[in-house]
Every structure is written in structure tokens, then in C-alpha cells.
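Record features, source Swiss-Prot:
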- Arg97, Gly123, Asp151, Asp201, Leu202, Glu246: S-adenosyl-L-methionine binding site (BINDING)
- 1-11: compositional bias 'Polar residues' (COMPBIAS)
- 208-218: compositional bias 'Low complexity' (COMPBIAS)
- 1-54: region 'Disordered' (REGION)
- 208-232: region 'Disordered' (REGION)
Amino acid sequence: MSASQIPNLNTLRRGGGRGRLRGRGGFETGAPSEDRHGSRGLAAQDRVVQGTDNDASVSRLSAVEIGYLEDPFAKVLTPPGSGTRRLPIINRGTYVRTTAIDRLVARFLEGPSQTKKQIISLGAGSDTRVFRLLSSRSSASSSDLIYHEIDFSANTAAKIKFIRAAPLLQRTLGLGSAQNVAIPDSGDALHSPTYHLHPVDLRTLAASGSATTSRSPSSPNPAEKDQPPCPLQGVDPTLPTLLISECCLVYLSPREAADVVDYFTKTLFPASVPLGLIIYEPIRPDDAFGRTMVANLATRGIQLQTLHEYASLEAQRRRLREHGLHSGQAAADIDFIWERWVSEAEKERVARLEMLDEVEEWQLLARHYCVAWGWTSGAGEDTTVFDGWKEIDGQTGD
């Protein structure tokens with residue numbers, strides 16, 4: 001396919017309208033152009049990122065309504081009247097990304113360890129994973145999981161409004177009485193025994209993490225005298241923990257993104273605690289398709305700041321190693337995951353949902369997004385928590 005035939009990613013949506021880029025939506029592009037210089041420019045960029053969550057929820061709802069995914073919470077967390085049916089390659093991309101991360105999460109939770117586990121989702125927005133997980137687990141299993149979501153205050157406040165308005169969400173979270181949930185007057189934070197929603201700018205974690213000394217493998221406890229207090233209420237640094245970044249860190253500068261991950265891997269959690277990280281991000285910006293993708297974003301003031309820093313599968317694997325996740329690292333693009341992780345029967349089911357004529361375009365698009373995962377097994381009784389990840393196929397090469 002020549003460069004002139006590469007589809008403009010801004011048009012990959014039914015119903016027209018101006019698109020936005022949203023990391024959790026994944027296969028979306030576009031946003032108003034803003035000046036990035038100075039504090040006003042930075043604030044404007046933050047608003048662009050915050051405002052893209054609606055597109056993510058619409059893409060998810062589109063995939064659900066057509067039958068790609070089962071998610072009774074998608075409609076509840078999508079603003080009324082914003083539903084738009086996406087094109088088939090967008091729906092398939094949403095399906096593959098969602099099911100791939102779901103598989104990795106399930107292997108973590110189903111690990112041989114019986115210890116309580118913890119998930120921390122960065123830039124979670126309107127993501128439904130916590131609701132899907134809790135609704136699919138027994139009451140006993142639900143009590144063995146603590147789920148944290150971190151995002152800008154504007155997005156956490158919006159999610160809390162949805163929760164307050166939807167009995168389905170309240171029941172799923174087990175928020176049966178005022179005694180087991182705390183929401184401040186600001187309305188942008190929520191804390192309960194199993195679910196915490198944090199209105200925190202990740203860059204503040206990066207700043208606090210870079211200002212402290214990385215702990216050594218012999219450090220028994222991160223709460224040492226020179227350790228600043230953790231700004232994330234309810235996070236337990238002794239539990240086996242999984243971090244999830246669905247195209248979230250890519251909005252930060254390479255230094256900020258690295259400092260955010262290091263805050264968790266080298267400051268907050270001691271080396272003895274099993275810790276894993278799942279990253280979903282675009283890759284390969286330097287071929288013809290990638291350059292077109294980047295150019296489309298640039299015309300709307302969007303810059304995926306770490307894209308060139310972690311431009312390949314090998315760069316993503318190296319990134320995981322550099323963050324101290326030494327026990328294992330793997331990565332695969334979405335096309336590989338579709339071909340290798342999805343069964344033939346499931347491929348046939350998905351193919352029957354709607355006609356996908358743009359096979360070559362699908363392959364191009366899918367090869368420019370990846371899932372990367374890495375972990376450290378820690379020490380002690382829970383070193384097998386991430387053993388299930390060893391059986392999942394990664395992709396070799398770049």
C-alpha cells in the first residue's frame with residue numbers, strides 16, 4: 001500500500017464529527033489544536049486529554065452494542081446521546097485490545113497465590129474493567145482484590161457522578177451504605193474497602209518519586225523516614241500489584257513517564273513485593289503509516305510524547321527491564337494478538353458481526369499498536385503470582 005493510500009485515521013468513525021485522541025479508546029485520533037507553550041498551553045493540553053474520555057466510552061459502547069464484547073456497564077458510563085457506531089476496524093481494535101488486557105489481568109488474578117491482590121489503573125477515565133471484574137467474581141473473591149483508578153480530577157468527578165446515578169454500579173462496587181464509602185465534598189475522590197478512585201495528576205507522583213532515593217532489594221519497607229507519605233489513599237505496598245497503563249503514559253514526557261513508573265517500581269513498592277505492568281500504546285511512528293498517523297495528530301495539537309522513545313516492541317521490552325521488572329518482559333502488536341491469541345472459532349464469530357472490507361488497513365492499523373507486559377516476582381511466599389504470564393505468547397523482534 002502506497003503512502004497515498006494510507007487511510008486518514010481521523011475519518012475512521014461513522015457519523016462524521018470531529019474526533020479526539022483518547023488513549024483508552026486506542027484507535028481514535030484528533031483534537032482541537034492548542035498552544036503547548038507555557039502554563040496556559042499545558043493546561044489546555046491537559047483539557048484535551050481529559051476531554052477525550054467520551055470518545056473512549058463511545059468506542060467501547062459501539063463494540064458492545066454490535067456484539068464484540070459483553071459489558072453491561074458500557075452504556076451506564078457513556079454520556080446519553082453520545083453513542084456513535086464506529087467503523088469495523090475500530091470495533092475490532094477495541095475488541096482485541098480489551099480482550100488482550102483482560103487475559104493478562106485474569107492470569108494475574110488466577111495465579112496460584114492465595115494472597116489478596118491489588119490493581120492500579122493509570123488514567124482510568126470511564127474504564128469499566130473494575131466493574132466487570134467485581135461482577136464476575138464471587139463475594140469471597142471480590143474481597144481478595146483492591147482496585148485503584150487514578151486520573152485527573154475532572155475525570156474522577158465525572159465517574160463518581162455516574163456511580164451516584166446508577167444503582168447497578170453501586171451494587172457492583174458493594175456500596176450498600178454510607179458506612180463503607182467515603183466521598184469528599186469536592187466529589188472527585190471515592191474510597192471503599194475494595195475500590196479507590198484518586199484525583200491525582202500522575203506528574204505529581206513523578207515529581208515525588210524522582211525526589212527520593214530508589215530502594216534497594218534489601219529495603220524491607222518503603223515507609224522509611226525519608227519516604228514522603230503516599231498520596232494514594234488505600235494503596236497497600238505489601239500486596240502483589242498489577243499496574244495498567246492503556247495509552248496513558250504516552251501523553252507525558254519521556255522523563256515524566258519514566259518517573260511515574262519508577263515511583264511505583266523503585267519507590268513505593270519494596271523489591272520483595274511481586275509487581276507487574278501492562279502497557280498499551282501506539283508504536284512504529286517512522287514508517288509511512290506511522291508518519292501519517294503522527295501528522296494527523298500534530299495538525300490537531302496532539303503529541304504522543306513517548307512515541308519515539310518507545311517506538312518498537314524491543315524498546316517496550318527494554319523499558320520494562322529498565323524499570324526493574326527483571327523476571328520477564330514481552331510485547332506483541334495488535335495484529336499478532338489477533339492472529340495468535342484469538343481462537344479460530346472466536347475469529348469466525350467476530351467476522352460474522354459486521355463486514356470488514358478494509359483487511360489491509362486493519363493490518364496496518366493493528367501493527368501500530370501494541371501490548372507490553374513485564375513483571376518482577378519479588379521474594380517470599382508470593383513469587384508465583386505472575387507465573388501465568390510465562391505461558392502467554394509474546395512477539396519476537398521489533
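Please read every residue number as a count from 1 along the shown chain.
Cβ coordinates come from backbone N, Cα and C, glycine included.
What Swiss-Prot annotates, mapped onto the structure for a quick look.
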{"residue": "Arg97", "record": "S-adenosyl-L-methionine binding site", "Cβ neighbours (10 Å)": "25"}
{"residue": "Gly123", "record": "S-adenosyl-L-methionine binding site", "Cβ neighbours (10 Å)": "26"}
{"residue": "Asp151", "record": "S-adenosyl-L-methionine binding site", "Cβ neighbours (10 Å)": "29"}
{"residue": "Asp201", "record": "S-adenosyl-L-methionine binding site", "Cβ neighbours (10 Å)": "14"}
{"residue": "Leu202", "record": "S-adenosyl-L-methionine binding site", "Cβ neighbours (10 Å)": "23"}
{"residue": "Glu246", "record": "S-adenosyl-L-methionine binding site", "Cβ neighbours (10 Å)": "27"}
- request: Let me know the DSSP-derived helix, strand or coil state of Glu246 (S-adenosyl-L-methionine binding site), please.
  value: strand
